[in-house]
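Okay, so Swiss-Prot annotates it like this:
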- Asn202: substrate binding site (BINDING)
- Cys442: heme binding site (BINDING)
Amino acid sequence: MWVLLGVFLLTLAYLFWPKTKHSAAKYPRSLPSLPLVGSLLFLPRRGQQHENFFKLQEKYGPIYSFRLGSKTTVMIGHHQLAREVLLKKGKEFSGRPKVATLDILSDNQKGIAFADHGAHWQLHRKLVLNAFALFKDGNLKLEKIINQEANVLCDFLATQHGQSIDLSEPLSLAVTNIISFICFNFSFKNEDPALKAIQNVNDGILEVLSKEILLDIFPALKIFPSKAMEKMKGCVETRNELLNEILEKCQENFTSDSITNLLHILMQAKVNADNNNAGPDQDSKLLSNRHMLATIADIFGAGVETTTSVIKWIVAYLLHHPSLKKRIQDSIDQNIGFNRTPTISDRNCLVLLEATIREVLRIRPVAPMLIPHKAIIDSSIGDLTIDKGTDVVVNLWALHHNEKEWQQPDLFMPERFLDPTGTQLISPSLSYLPFGAGPRSCVGEMLARQELFLFMSRLLQRFNLEIPDDGKLPSLEGNPSLVLQIKPFKVKIEVRQAWKEAQAEGSTS
């Protein structure tokens, strides 16, 4: 027994004792580190993680490292270094680390969001981008799909005139239906129990990811029961059952003559691979139902909560800045009026609205810290050595709140994104990467930007979004998780009088 214990302790020491680095190499400055636990005891325990890592830059600089268990992580907090990691050396840092909770979420690194660099990730990312290309023109045009759901949302909100409501559920339904149409050409009804189940699953997953889970740091702890891991497994099982039911129905009716959604793209790729009618990168084994399910789950997971959260952040900031809201509505009235639906081309005339959206994405980035990257080869950042297998995290919060790049970064100032005349959009700083960049950038960036503009222009065209009668303004402190969520709040819905008059006039003419 004592021999076994000794072997066990020696094994732990080998795994977790800091390794000797190449003597000639120059590495990022590191937080203090202890055997077994690494830097865990030296990391701030209170407050929001992204803000804590930003504050550590005051002592350690814009690039520093720390150890958690046996893993070394490098934190990046400056746009030049971030762009080197994401763009200049994007392929070298295109890996993803194995993390216990995310392995469950991604079915052991399937899909695209959490998949490691390799043939599977490259194939599925390419197929997802091909699917988005389906929605550029015609009846499947993305703008048309978004406007359909925006109209349904607005029609529902019109029934809530004079009421103070939480926008979460109606917004989530609208955005879920857009994602569902892209994946399956399928939409949910408001009373559909599957819709509520999907929302509950997403909430459960984000709740788990918002917690610090020791198993993610010390994989050896998997031998012990974990309530968080069990909850994650339950959420993923429910999610997979719901999506698999839809997937199987779509497979029954699939024909290669009509490719109209993401699932069709994935199924056609599998047919081609099975028939040896595909390139060497399309291995049929990488296109199993489990692989397809993981990719579709990624699109749902990334596409719904992110957009819903950003729209709620925009509404919250407008409630805090009513004069800005009025100016945006004035520009909508002057440039669009009430007799047509806003279009993407209206960005050119609704520059204040677009600047407001961009400022919200800056001051409250939906992912304050990008999903960790991993060095797939020995590399460098600046003049510092980065060993193969090192995790690299870009602190987007630090980039977006750098005082040297942004004047008074904690103030909400949409004018940052406008020229001095207020008539042209500008890019005021390279320290702005709301959707990431490079090989691992957000595949749904175009979709998200269109959703944000079309939903907000439609809402402000039809409604006055007001502070509830109790005078309670939304908190601007977020709930950190994989997504920076706003705390629940209510907004009073009032149909605009000018909209009512325009509709009445149109019905009598």
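Positions of Cβ are set from backbone N, Cα and C atoms, glycine also.
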Take the C-alpha atoms of Asn202 (substrate binding site) and Cys442 (heme binding site) and report the distance between them in angstrom, rounded.
19
For the residue listed as 'heme binding site', what residues in its own chain, 6 or more apart in sequence, show a Cβ-Cβ distance under 8 Å?
Ala302, Phe435, Gly436, Ala448
Taking DSSP three-state, what's Asn202 (substrate binding site) in: helix, strand or coil?
helix
Including all protein chains shown, what's the count of other C-beta atoms within 10 A of the C-beta of Asn202 (substrate binding site)?
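Around Asn202 (substrate binding site), other Cβ atoms within 10 Å: 20.
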